[in-house]
Structure formats: C-alpha cells, structure tokens
Amino acid sequence: MTRGAIFALVLCLMGAAVMGEDPYLYFTWNVTYGTISPLGIDQQGILINGQFPGPEINSTSNNNVVVNVFNNLDEPLLFTWHGVQQRKNSWQDGTLGTQCPIAPGTNYTYKFQVKDQIGSFFYYPTVGMQRAAGGFGGLRINSRLLIPVPYADPEDEYWVLIGDWYGKSHKTLQSTLDSGRNIGRPDGVHINGKNDVVGSGKAIYTMKPGKTYKYRICNVGLKDSLNFRIQGHPMKLVESEGSHTVQNIYDSLDVHVGQCFSVLVTADKEPKSYYMVASTRFTKKALTGKAIISYTNGVGPASPLIPLAPVGWAWSLNQFRSFRWNLTASAARPNPQGSYHYGQINITRTIKFVNSVSNVNGKLRYAINGVSHVDTETPLKLAEYYGLSDKVFKYNIIGDVPPASLDNIKLATNVLNTTFRTFIEIIFENPTKTIQSYNLAGYSFFAVAVEPGTWSPEKRKNYNLLDAISRHTIQVFPKSWAAIMLTFDNAGMWNLRSENAENRYLGQQLYISVLSPERSLRDEYNLPERQLVCGIVKDLPRPTPSYS
Ligand SMILES: *[C@@H]1O[C@H](CO)[C@@H](O)[C@H](O)[C@H]1NC(C)=O
Ligand SMILES: *[C@@H]1O[C@H](CO)[C@@H](O)[C@H](O)[C@H]1NC(C)=O
Ligand SMILES: *[C@@H]1O[C@H](CO)[C@@H](O)[C@H](O)[C@H]1NC(C)=O
Ligand SMILES: *[C@@H]1O[C@H](CO)[C@@H](O)[C@H](O)[C@H]1NC(C)=O
Ligand SMILES: *[C@@H]1O[C@H](CO)[C@@H](O)[C@H](O)[C@H]1NC(C)=O
Ligand SMILES: *[C@@H]1O[C@H](CO)[C@@H](O)[C@H](O)[C@H]1NC(C)=O
C-alpha cells in the first residue's frame, strides 16, 4: 500500500469510529408497590420488576442506556440518574424542573448516554418522598476495555446500598411534611434493603480466600450520614463519584447522603463470616444496620463484637481531606476549559448559598438564600424551551450573596442562570446544627475545601487547588462551609438540591439554567420527540427545533 492509501485507510477507520454509534443497553422496568421488610416488619415498598433494591444498571462509558419505565404506582413517577452527567441532555434528568412526571398506568422511555464517565452511581425516584419507599438501585459505569484502570481486575463486584429507614410509608411521611411538621428520626438502617439484626447466618456475599473484591458503597438514605466498615477487613479506596482516587486504606468510611465510594477488599483473614456494618453518625442515639459476608467454605459465625464507629466531626473532616485525585490515572475525567489544572483557571463569579430553616405560615420550610423552592406544573426546562419562561418563573430572585437576614423565608420557584462555559466558585455555608449534603445535577465539581466556621475570601488560600476529587455530592458540616469549583459547560436546566429528603421536599433546592448562546445542537439536544409535555405547553405545537 502506498503511504497515501494507508493515510486514506486510517482516515476511513477514524471516520467509522466517529460515525459508529455507541452500543445500546435496553431495560424494561415495571414499577409497582410490593411488600418489603427492611427493618424486619412488613411495609409497602416500591419495587422495580419485583425487586427491592431495584436492578443494577451495568453500563460501560459511552453506552446509550434506554429504560422503558411502566408506572404501576398510584402516583406520578420520575427517576433521576444520580451523578450521571447527562451531557447536553437535562431532558432526561428526572426532576420536576426538567420533566413532566410519568402518570400512573402509563410508560415513558428514558434515553441517555453515560458519556465519558466511570464509577459507582445510583438511581432513585424523585417525586415526593418516594425514595423513602425504595425504587433505588446501583448504576455502574465500567471503564472501556482500552482505558487502563489503576488496579487489577477484582474477582467480583458487590453493591452495598446503605441508608437510614423509616417504618412509615412514604405517603405518611409526605403528609407529615405537608402538615408543616418534620419527620423526626429514622427507625433503623438497612444494607441492600435488609438489616440482619439477629445474625441469621445467611451471607449476602461470598469471597474466595485470597481474592480481592470491589464493593460499591452508596448512601441511598434520607438524612443520616453513615459510617461503613467490615469486621477485620480494611478497605482500599479506588474511586469516588467518578474519580480514580489516590488508593488510601481505610478501616471505615463516612458516607454522607447521596455519596458513593468504590473500595477493594481482600479476603485474607480467617475463613469465616464477618459483619458489614453501617451506623449513623452525629446522632444522639446511633442506629446500626448489619449484613453478613462470608468466605467460600468458611467455617464459623461472624463475631458479635461490632467494630465501633469513630466519634466526632474532626475525624470526618480529616477523612474528607485525605481523599485525593490520582492525577496520573488515565480515565475520562473533567477537563475544565481544556486544562486539567482547575486551580489555574480564573474564577469569574462567586456564588454563596446559605441554607436556613424556619416556619412560613406556621409550616416548616427549608430554604437557600432565603427562598424555599416551589415546583411548577410546567417543568422549567419546557417553559424555557417554548419561550414561555416569564409565564412560569423569574430568573435570579436570589442573588449571589445571601440576604442579611435568613429568617424570613419566601416561597417561590428558584432559578438562577449562569453564563455558558464560565468557571464559577460556589460556597455552601451551613449555619444550622444539622449536616447538609448537596448534589448538583449535570456536573462533576472540584470539592476544594470543607471547613468549620464561616467563609471569607481569605479562606481561598486553604483550598486544595491541585488534587481535589471531582464529584457530584458534597457534605457541609454544621456551622461549617464547603467550596466547590466548576465550569458551567453543560447546557441545560440543572437541579441543585439538598440530598436530605425532608429538606429537599420542603424547598431546599433550586435550578441553575445554563443556555448556550448559539442554541446549537453541538451544545444541547432538542426536545426529544418522545418527551412528555404538560402544564401550559401541553397543547401547544412543539417548537420547530430551536437548536440546529
Ligand atoms: C407489572 O407487574 C404487575 C404486578 O406483578 C403485573 O400485574 C403487570 O402485568 C406488570 N406489567 C407489565 C407491563 O409487565
Ligand atoms: C457488567 O458488565 C461487565 C462489562 O460488560 C461484565 O464484564 C460483567 O460481567 C457485568 N456484570 C454483571 C453482574 O452483569
Ligand atoms: C411504552 O411501551 C411501549 C411497549 O414497549 C413502547 O412501544 C412505547 O414506545 C413506550 N412509550 C413511551 C412513551 O415510552
Ligand atoms: C495512580 O494511578 C497510577 C496509574 O494507573 C497507578 O500506577 C498509581 O499506583 C496510582 N497512584 C496511587 C497513589 O494510587
Ligand atoms: C487570571 O487573572 C490574572 C490576574 O488578573 C491574569 O494575570 C491571568 O492572565 C489570568 N489567567 C488566565 C488563564 O486567564
Ligand atoms: C439570565 O437570564 C436573563 C433573562 O433571560 C437574561 O437577561 C440574562 O442575560 C441571563 N444571564 C446570564 C448570566 O445568562
């Protein structure tokens, strides 16, 4: 072959790689009520294809995931794919600001791509307090075969979905919140939907002696931070919320609501059974959930001596600081403004969000910068797309700085806009006595600092501007602050929410609208053909593609 011919062939192969569509994974989900007993007592739960927790979505970077959801509940339903960035595609993000809910007795097909991401994530239902009844499951994004992973292939992979749990149904919890009261303390903690209180002896997972396993741990609960540990088995942290981490060894991990970790555990101890334990942190009375793992052909029960959880905030803060990004590991990772060096990019805007809680007309409400969010019947994204946003909401009713007094909480639809592709610093300040956990949909951000006290510009000198991990959920300890940085390069309407289900339900969330000035398909997809429409746009003709 001549050099020209080789060149043409290479071009042609490159073309095929570009043109060829990424593989599709298809799922059909039948969502129903069913009996579950995470705390040993029967109660009504939300099942997916009869399962609680729901089935795993096992995907590989860049796969297209198609999930046809049949809603056989008696309520509207939406799922969010927590941590999946939905590039150009807030249409599929599954919150009431982006999608019309799936009506009972109908089905809707989600279609999204797990673009340039790896790691352990999960999905959950977002309408009302449905998450308190189940409907959650693991969402795994494997590295593509050609991309090296910074550790040897584990023998197997196991999900560990942990969460606090209420014995009351989600509807009861909802009506308590609607009546203006809080839902109080949870009744227990589950691991994968069960709590092995009595020590049934039944192992949920088995390990072969000498082999190493990956455990994917996520806190799918409603309000409590959980400490997770395995009797006698240290954990090597390898990934967190999409970032390969520096591989430190931990005896236990604090997992805040909405966060995930992947760890490696080697079965190199006496071959018998062991407890996995998840217990609440920072609560007066600790609640504990247990599950058993065993060795193949292992003999002997798990010891009843449960390892204790650490005490106090400082431990947790130090653990946060020990999480570092492995800068040399190759993987899809955020590349703000074409540079991996996020610490060298100039900040164009600083937004400070302060959370508060107060009564409004005698009813409990939670707020960000004094505004407690109210969902609209017309999803914000649809209103914006149809050019009718002024009929549905007002942009920027809160400023970049919180008002002097946070006591007067106002109920309103809370939408901020940011300029496409700008690099922004967000400070979360938590003056309350309860821990917060914030998630930003559509993005992964650099969590550069978490510190006690209040934030001031001088605190920037304490930021980790080198190897903070890029993640989707950050905790803010009581009377503390956290700082994150990111480039707003994913056009769409994105939910910023407290992962604390009570806070979120009662208004501690907002939306960030990011519009690309060119309205180009390169930056954002058009309204999908199958997208449900509702509210004021229901009977309107669909705008001819506004993006091209
Ligand atoms: C969903 O499950 C329910 C209860 O098992 C069953 O009655 C129904 O036929 C199922 N629907 C579909 C679409 O599979
Ligand atoms: C998940 O997908 C990976 C990659 O395709 C495959 O190797 C693995 O066996 C799958 N695991 C399960 C539990 O389906
Ligand atoms: C509902 O399910 C049917 C049968 O699988 C499918 O053909 C149809 O496209 C689905 N409808 C929506 C809106 O996803
Ligand atoms: C980071 O990743 C590299 C490349 O895969 C690996 O060799 C190295 O051991 C990792 N470093 C740490 C500290 O985990
Ligand atoms: C950031 O700002 C500094 C000071 O204004 C300026 O000197 C520098 O060139 C800017 N860097 C970039 C990458 O824009
Ligand atoms: C925010 O939206 C308003 C109203 O559409 C617009 O005038 C303003 O330019 C936008 N600001 C940004 C930063 O995009």
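Residue 1 is the first one shown; counting continues down the chain.
Each residue, glycine too, has its Cβ placed from N, Cα and C.
The domain 'Plastocyanin-like' annotation in TrEMBL covers 30-144 (among others). Residues belonging to the domain 'Plastocyanin-like' (30-144) score a mean pLDDT of 97 in the model.
Secondary structure of the domain 'Plastocyanin-like' (157-297) per DSSP, as helix, strand and coil residue counts: 9 helix, 70 strand, 62 coil. TrEMBL lists 157-297 (among others) with the feature domain 'Plastocyanin-like'.
As a summary of secondary structure, the domain 'Plastocyanin-like' (378-518) carries 21 helix, 58 strand, 62 coil according to DSSP. Annotation source TrEMBL lists domain 'Plastocyanin-like' at 378-518 (among others).
For 1-20, the entry in TrEMBL reads signal peptide.
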